[in-house]
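What follows is a single structure, written as structure tokens, with notes after it.
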Amino acid sequence: MQDKVWIFDTTLRDGEQALKASLTEDDKLQLAHAISRLNVDVMEVGFPVSSPADFRAVQRIASEVKGPIICGLARAVAKDIEACGEALKTAQQGRIHTFIATSPLHLEHKLRMSLDDATAMAVKAIKQARNYTDDVEFSCEDAGRTPHDHLCRIVEQAIAAGANTINLPDTVGYVTPDEYAAMIHHLMNNVPNIDKARLSVHCHNDLGLAVANSIAAVQAGARQIECTVNGIGERAGNCSLEEVAMIMKMRQDHLKVHTDIRSEEIYRASRQVAKICNMPVQPNKAIVGENAFAHSSGIHQDGVLKAQNTYEIMSPESVGVPSNQLNMTSRSGRHVIEHRLSELGYHGDDYDMDSLYTSFLELADQKGTVYDYDLEAMIYFNQIRDKDEHYQLQYVNATSNSQSVATATIGLSVAGEQKQEAATGNGPVEASFAALARLTGMDVDVIEYNLDATGQGASSLGQVDIIAKYQGRTYHGAGLAADIVEASVHAMVRVYNIIYRAQQVSNLKQQRKAG
Ligand SMILES: CC(=O)SCCNC(=O)CCNC(=O)[C@H](O)C(C)(C)COP(=O)(O)OP(=O)(O)OC[C@H]1O[C@@H](n2cnc3c(N)ncnc32)[C@H](O)[C@@H]1OP(=O)(O)O
Ligand SMILES: CC(C)C(=O)C(=O)O
């Protein structure tokens with residue numbers, strides 16, 4: 001049997017200390033339900049003496065949320081313990097968590113007392129707490145900077161007074177994993193009654209070591225981790241619940257411990273905490289960040305399509321993320337495009353991959369991400385591409401501003417010969433059309449011009465449809481590009497090619513007649 005590590009969630013207490021405004025009673029209740037769905041063992045939900053609203057929040061959660069042990073925090077002060085005990089009265093299982101600082105720095109400058117005085121206060125507070133509940137946790141605040149023998153002294157007395165969980169916080173995120181593990185070992189080997197209590201750790205992230213330190217402590221024998229959803233908490237935050245839970249799930253083979261966390265609830269809880277606490281999650285955050293299951297480079301995408309575990313050590317579904325994401329960027333390759341298109345219902349013979357991929361890269365370089373709707377539009381234009389046409393657009397360079405006429409220079413290949421012309425106009429589209437007229441020698445009359453956005457938002461592609469008249473006949477041309485002037489020129493070049501082909505057909509007919 002593998003050992004169980006208890007998960008003590010403190011999102012609603014230490015996590016809340018990170019917020020610019022405290023959570024309301026209703027916010028706390030809603031989050032308490034979300035966190036309890038994770039199946040945490042203990043949920044620390046407030047500091048009841050702190051304010052009437054926090055007292056009521058703890059009270060409501062205690063009576064309404066069933067499942068985890070509901071815990072409140074209290075200084076080693078009689079009125080704090082009393083408030084905590086009262087607030088937790090209706091809990092199915094309530095825990096009072098009391099603490100006092102033990103490091104020389106905190107004792108001298110903050111509490112202005114000796115270790116013996118602090119120990120006496122702790123003992124008194126624990127005994128008072130035991131009058132309310134059998135479940136009492138004691139924390140040596142700033143244990144990370146407390147000499148080990150001092151910790152042993154106070155912890156021994158705390159257990160003797162009735163504390164059944166002993167928490168050794170690295171309050172300021174100062175220690176390294178080996179130091180933290182050594183501290184746990186020292187206590188386990190030197191406090192005579194240590195087996196009467198569960199050893200707990202509570203790590204802050206000031207040096208980015210909160211998760212590493214918590215895991216090192218578990219490897220040394222600690223069996224409770226205090227943590228928060230998304231790692232929110234005072235200053236740089238606390239140990240992140242989702243990270244430690246998934247480390248213990250994914251590396252059970254190595255760590256030989258487990259938790260009871262329902263990992264499929266992680267993503268949902270993370271989103272709720274981010275939203276209600278107004279603390280967005282950084283995209284590259286492990287487990288719950290937007291990019292945690294996103295692949296953007298061709299080699300990785302190809303690997304994941306062939307076997308998901310080539311680049312994913314856990315499945316997105318295992319943490320409640322609906323699926324992974326294959327972002328299509330200019331670092332993507334042909335495999336992912338083919339895969340995406342097949343999901344959209346296209347087959348290999350619907351498009352020419354080489355020319356589609358060229359258009360894809362051009363667009364991706366301009367836009368960043370290429371979306372499904374871009375791909376669909378590209379397929380359409382890929383099918384009507386001017387590949388072997390008489391007129392082929394080389395480039396468009398148009399400039400315009402609000403004070404002078406627009407100018408456009410166009411490079412066009414005409415039957416394989418490179419040509420260039422410039423012209424002016426009221427706007428860049430008109431100037432471009434005038435340059436095209438010079439290049440082709442045909443004066444086409446544009447009778448309808450429609451511009452549509454294909455896609456969403458400012459990164460949409462411009463799709464231009466033109467109806468033009470030439471020598472009594474009407475022609476249609478369409479163009480698509482990130483730049484709307486370029487889309488217009490593509491549409492017009494298409495019109496010229498159709499006119500050219502029509503002329504060829506009619507010349508042929510005349511020759512036949514004459515012949
Ligand atoms: C490491 C942690 O995260 S601990 C939790 C931190 N969370 C909070 O502080 C949020 C809730 N806190 C509060 O609402 C308020 O600070 C209260 C109600 C607890 C106290 O408010 P006030 O009485 O106005 O005191 P204030 O916060 O300014 O100062 C703290 C006092 O508690 C004392 N104190 C600090 N920790 C403890 C402790 N564990 N046990 C006993 N006394 C303590 C300090 O020495 C100081 O005492 P002093 O007034 O004799 O100098
Ligand atoms: C009260 C204790 C557990 C704490 O929050 C800390 O030391 O950071």
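Note: Cβ is positioned from N, Cα and C throughout, glycine not excepted.
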Checklist entry - Looking at TrEMBL, which one out of Asn39, Asn189, Asn230, Asn238 binds Mn(2+) in the same site as Asp14, His202, His204? => result Asn238
Item to check | Greatest C-beta neighbour count within 10 angstroms, which of the binding-site residues His202, His204 | outcome: His202
Checklist entry - If you count the other Cβ atoms within 10 Å of each Cβ, which of the binding-site residues Asp14, Asn238 comes out on top? => result Asn238
Next on the checklist: Other residues near the Mn(2+) site, CB within 8 A of the CB centroid of Asp14, His202, His204, Asn238?
Outcome noted: Thr10, Pro169, Thr171, Cys203, Asn205, Ala210, Glu226, Cys227, Thr228, Gly233, Glu234, Gly237, Cys239
Item to check | Where the C-beta lies under 6 angstroms from ligand 2, the matching binding-site residues among Asp14, His202, Asn238 | outcome: Asp14, His202
